Amino acid sequence: MSARKKNRIHVFFVSIMIIISLVSGFGEGIKQINYKDLIKDTIPGCTSKNPKECVKVPANTYHRGCEISTRCHREQHSSSG
């Protein structure tokens with residue numbers, strides 16, 4: 001390859017990289033999270049004076065599903081002694 005052809009290829013790729021960076025918004029700056037936004041994510045009533053309010057209730061409690069060994073039937077406990 002001649003030096004002139006290599007130079008054109010380099011200019012082409014540099015031009016493409018500049019265009020891509022302008023279109024993608026590279027260098028616009030990153031928004032920072034401030035402390036006020038972090039305060040909004042707290043549980044209402046959860047303070048150092050009232051720590052019992054800070055406990056979260058699980059959304060879905062665990063329950064055991066169907067088991068192959070019991071053929072999906074629940075065991076009945078007999079009260080005969």
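Each Cβ is built from the backbone N, Cα and C atoms, and glycine gets one as well.
The disulfide bond annotation in Swiss-Prot covers CYS46-CYS54 (among others) and rests on similarity to another entry. DSSP classifies CYS54 (disulfide bond) as helix under the three-state reduction.
Non-local neighbourhood of CYS72 (disulfide bond): CYS66, each in the same chain, at least six residues away, with C-beta under 8 Å from its C-beta. Among the features that Swiss-Prot reports, disulfide bond is placed at CYS66-CYS72 (among others), with the record citing similarity to another entry.
Sequence-remote contacts of a segment are chain residues at least 6 beyond its ends whose Cβ falls under 8 Å from one of its Cβ atoms, and the signal peptide (1-29) has none. Residues annotated as signal peptide in Swiss-Prot, with sequence analysis given as evidence: 1-29.
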